Amino acid sequence: VDFNVPIKDGRITDSNRIQATLPSIQAVLDNGAKSLVLMSHLGRPDGRRDEKSSLRPVAEQLQTLLGRPVTFLEDCVGPEIESACADPAPGSVFLLENLRFHPEEEGAGVDESGNKFKPSQEQVQTFRDSLTRLGDVYINDAFGTAHRAHSSMAGINLPQRAAGYLMGKELEYFSRALENPNRPLLVIMGGAKVSDKIQLINNLLDNCNEMIIAGGMAFTFKKVLDNLEIGNSLFDEAGAKIVQGIIDKAAERHVQIHLPTDFVCGDKFETGCNVQTYSGNIPEGFMGLDIGPELQEAMAQAIQRAETIVWNGPPGVFEIPEFRAGSERFFREIVAATRDRRVVSIVGGGDTAAFAKTMGDESDVISHISTGGGASDP
């Protein structure tokens, strides 16, 4: 399951991902499973135990939502965990501790000195074998991590395997919208790094008619393509090497790419900072944290042309009020198109879905808000 939920001071601030898995969990229990072992990650602890990333609060919340006991286990592998899951009382529900406390889950970690390392193949296999011994049937309902080649996704060797209800719902919606969409298909891309989204961008360039590139990744595009001075804005060294290839593919596929021409900038990454809007070069000491009014207008026109819209990644740092306007404009234009013209609108990616939820009841107008993070990167 994907229980990667926001936790502040030990309290879950948004339980949507937990609630989204309840139909699958209830179906397993109602259909005679002797026990249910749930596993998930939370945050990015880099292969080390970190109490701030413990799933214990999730177990407590899940117990309340299910109305039945949920046993929280202090680890996810090893003899003690295997013993606890081997012959439990009928109807038992277990939640394992965060899979990412072990570097073998992601195949990489960071030691206490801050140095990156990789566990051996033997260590990874031992970890996978222990997870495999915890059950008889493997059900994947973690749409938010389904795109990752992690041990819990790709390394559990059980012959009986199935997709959960949430996974099925997400896959059905994305395939219906992207394999045979009403056109034009507009993709709005945000996010910090080009290199993190290269596979997504390449996949979508095969299907879409227009693409808006905003968010932190836009600065890498602008610096590479236009030699723009970007001040203290985010720059992705790895992503810079693939920018031209993306532009070339877009031209080859006749996809119109929209990049920002103006930016709302701050001298600090915090509310109350000095805010300036720059069209063109950004001076040293300032960083771009939202799109300016010029791209907002171009984006509004693209949305008015579209019949299907996929939005993945906010264009600005919406958590800071001064840099929220671009995200709100995107959202309201998409809501209007969905409501007034029956456009199919899909909001995907953890940050984008979180932003949509902050807009209250208006978010109900969106055709589909995905529970996935990077996995809703089709």
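Cβ coordinates are placed from backbone N, Cα and C, and glycine is handled just like the others.
Fair warning: this is a prediction, and the values are worked out from it, not measured in the lab.
Among the candidates G215, G292, the residue that Swiss-Prot annotates alongside G191, D196, G313, F318 as binding CDP is G215. G216 is the only one of G216, G272, G280, G326 that Swiss-Prot places in the AMP site (with A192, K193, K197, G288, E319). Under the DSSP three-state reduction, G288 (ATP binding site) is assigned to strand.
In terms of Cα distance, the binding-site residues that sit within 10 Å of D351 (ATP binding site) are G191, G313, chosen from N16, S40, G191, D196, G215, G313.
Listed in sequence order, the binding-site residues from N16, G215, G313 having a Cα within 10 Å of the Cα of A192 (ATP binding site) are G215, G313.
In this structure, the CA atom of S40 ((2R)-3-phosphoglycerate binding site) is 21 Å away from the CA atom of D196 (CDP binding site).
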